[in-house]
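Copied from TrEMBL, the annotated features are:
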type: DOMAIN; residues: 12-159; note: domain 'APS kinase'
type: BINDING; residues: 18, 19, 20, 21, 22, 23, 24, 25; note: ATP binding site
type: ACT_SITE; residues: 92; note: active site, phosphoserine intermediate
């Protein structure tokens, strides 16, 4: 039995994708705060937390990245079955993997948010120094440096965090979300 009937809102997966430092977690957290304030039941899945727990056995090879996203899709599906709005913030560099996520949870339950920001700006925002380490060869398979990021061809929502404030981007996401749940 699907638990979503207990809630007054549909289950959805809102998937934030973009380079490290683009603002995925910042926007996902802002969205979660807003939705919780409006009495939506949400859960935020974030790359750093998942990598330290569920997926700590995975590295950053292309195959491990695919498995990372596959596992997250399965966890998201379970959470959707429980009636939650799942907000996920992952680099998820490959289009094919994001497509598989949508297919796993049901395309009708999937919202893709492309958090677009030029690489140079992402590097300036990098408080962990990951880009610098990647450029020095201390980190390999780093998305945007020596591993590709495939931008979505047709995301549901496209935000430009180098040109928009967090609030402006959040309002775009909320508008799409509200239109989607009112259908």
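Even glycines carry a Cβ here, placed using N, Cα and C.
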What three-state secondary structure does DSSP assign to residue 22 (ATP binding site)?
coil
So among the binding-site residues 18, 21, 23, who's got the most Cβ atoms within 10 Å?
18
Give the sequence-ordered list of residues that share a chain with residue 20 (ATP binding site), lie 6 or more positions from it, and have CB atoms under 8 Å from its CB.
91, 122, 126, 130, 131, 142, 143, 144
Please list, in sequence order, every residue of the chain apart from 18, 19, 20, 21, 22, 23, 24, 25 whose Cβ lies within 8 Å of the Cβ centroid of the ATP site.
89, 91, 115, 117, 122, 161
For the domain 'APS kinase' (12-159), residues assigned helix / strand / coil by DSSP:
67 helix, 28 strand, 53 coil
Count the Cβ atoms, other than its own, that fall within 10 Å of the Cβ of residue 22 (ATP binding site), considering every protein chain shown.
28
Distance check, please: Cα of residue 92 (active site, phosphoserine intermediate) against Cα of residue 22 (ATP binding site), rounded to an integer number of angstrom.
13
